[in-house]
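Asks: Following this message is one structure expressed as structure tokens.
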Amino acid sequence: MTTMQCVLDAQAKLAECPRWDEHTQTLYFVDIDAFKLHAYNTQLKTLETRIFDEEIGCFSLNEKGGFIAAFRTGVYTFADLHAPLQVYWLATYDKKTTRFNDGRCDAKGRFLAGTMYSPKDAFKGALHQFSQGQEKLIDQAAWTSNGLAFSPDNKIMYYSDTPNHVVYQFDYDLESGTASNKRIFIEFPRGNGRPDGAAVDMEGNYWSALYQGQRVVKISPAGDILEEYPVPATYPTMVAFGGPDMSTLFITTCRSAQTEEELKEFPQAGGIFAITVNTKGQYEPKFAG
Ligand SMILES: O=C1O[C@H](CS(=O)(=O)O)[C@@H](O)[C@H](O)[C@H]1O
């Protein structure tokens with residue numbers, strides 16, 4: 001797949017959190033505004049869907065099977081796609097203005113998930129960490145928590161604040177799960193896309209979906225843009241590596257933000273796009289409990 005293709009015309013309102021399961025060759029993803037979690041088996045080309053009662057922002061696969069997921073009202077586990085939800089942590093923030101958005105597990109299987117504060121008039125979005133039944137606040141200074149990813153040596157944590165066009169780096173201590181020394185990794189100019197969800201490849205490059213930027217950018221560990229991949233949708237939301245050898249880049253997109261004019265230009269907005277790239281992704285850690 002040397003050119004970008006729509007591999008699933010999902011017509012999703014807000015597809016996010018693409019997550020590859022190498023054991024089943026399945027791409028999971030959410031449609032946040034439709035309250036859905038999808039499982040797309042890329043070999044059988046089958047789509048299985050669960051609809052919840054509220055927004056599901058992000059999730060990770062659980063080592064024990066099933067999922068841990070961050071919703072508007074908190075964090076829950078469930079034993080398989082259709083199993084009942086078990087409360088892990090009930091949100092203590094204002095659920096009318098705030099919901100969970102982006103997240104993933106670190107290499108020790110801790111689940112990190114960040115919130116977005118919809119009024120966007122104060123930095124009330126926060127990054128939380130969930131492990132051993134406990135919740136820990138990692139950072140609180142974003143409008144929209146996004147772009148969470150880890151370097152291959154697990155010493156750097158990336159975290160973006162989309163409306164502010166900034167991706168941050170932290171030093172990350174994997175043993176203790178602590179993040180420190182927050183600094184700007186890259187800041188994008190206004191008016192040409194802002195950094196949404198992301199993934200880091202095996203060489204340490206940070207791949208960022210540029211929301212309202214119609215493209216994905218590959219950024220070196222030093223913060224230089226190395227490559228740009230146009231996407232046939234105005235609002236790419238997140239990327240994930242997958243495929244038989246982890247060199248397929250999957251891209252989720254948003255449909256609901258498209259204007260009528262943009263929909264004419266990009267009728268498959270809301271779909272899942274893919275292209276083969278010249279690097280491989282890291283395998284996604286699972287939740288350890
Ligand atoms: O991840 C997300 O980011 C976007 C971008 S922004 O906050 O509007 O800048 C947001 O719209 C979307 O809802 C969310 O999932």
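Just so it is clear, glycine is given a Cβ too, placed from its N, Cα and C backbone atoms.
Predicted automatically and left uncurated, TrEMBL annotations should be read as such.
The following feature annotations were taken from TrEMBL:
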type	residues	note
DOMAIN	14-254	domain 'SMP-30/Gluconolactonase/LRE-like region'
BINDING	Glu16, Asn146, Asp196	divalent metal cation binding site
BINDING	Arg99, Asn101	substrate binding site
ACT_SITE	Asp196	active site, proton donor/acceptor
Asks: Taking the center of the Cβ atoms of Glu16, Asn146, Asp196 at the recorded divalent metal cation site, which other residues in this chain have a Cβ no more than 8 Å from that point?
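Replies: For the divalent metal cation site the neighbour list reads Asn101, Asp102, Thr144, Gly147, Ser160, Thr162, Gly197, Ala198, Ala209, Tyr211, Thr237, Met238.
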Asks: Among all chains shown, work out which of the binding-site residues Asn101, Asn146 has the most CB atoms within 10 A of its CB.
Replies: Asn146
Asks: Cα of Asn101 (substrate binding site) to Cα of Asn146 (divalent metal cation binding site): how many Å, rounded?
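Replies: About 7 Å separates the two Cα atoms.
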Asks: Could you state the whole-number distance in Å separating the C-alpha atoms of Asp196 (divalent metal cation binding site) and Arg99 (substrate binding site)?
Replies: 16
Asks: If I restrict to non-local contacts, at least six residues apart, and a C-beta distance under 8 angstroms, what lies near Glu16 (divalent metal cation binding site) in its own chain?
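Replies: Non-local contacts for Glu16 (divalent metal cation binding site): Phe29, Val30, Asp31, Ile32, Gly57, Cys58, Asn101, Asp102, Gly197, Thr237, Met238, Thr252.
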Asks: About how far apart, in whole Å, are the alpha carbons (Cα) of Asn146 (divalent metal cation binding site) and Arg99 (substrate binding site)?
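Replies: Roughly 12 Å, rounded to the nearest whole number.
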Asks: Return the single residue from the binding-site residues list (Arg99, Asp196) that has the minimum number of other CB atoms within 10 Å.
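Replies: Per-residue Cβ counts within 10 Å for the binding-site residues Arg99, Asp196 bottom out at Arg99.
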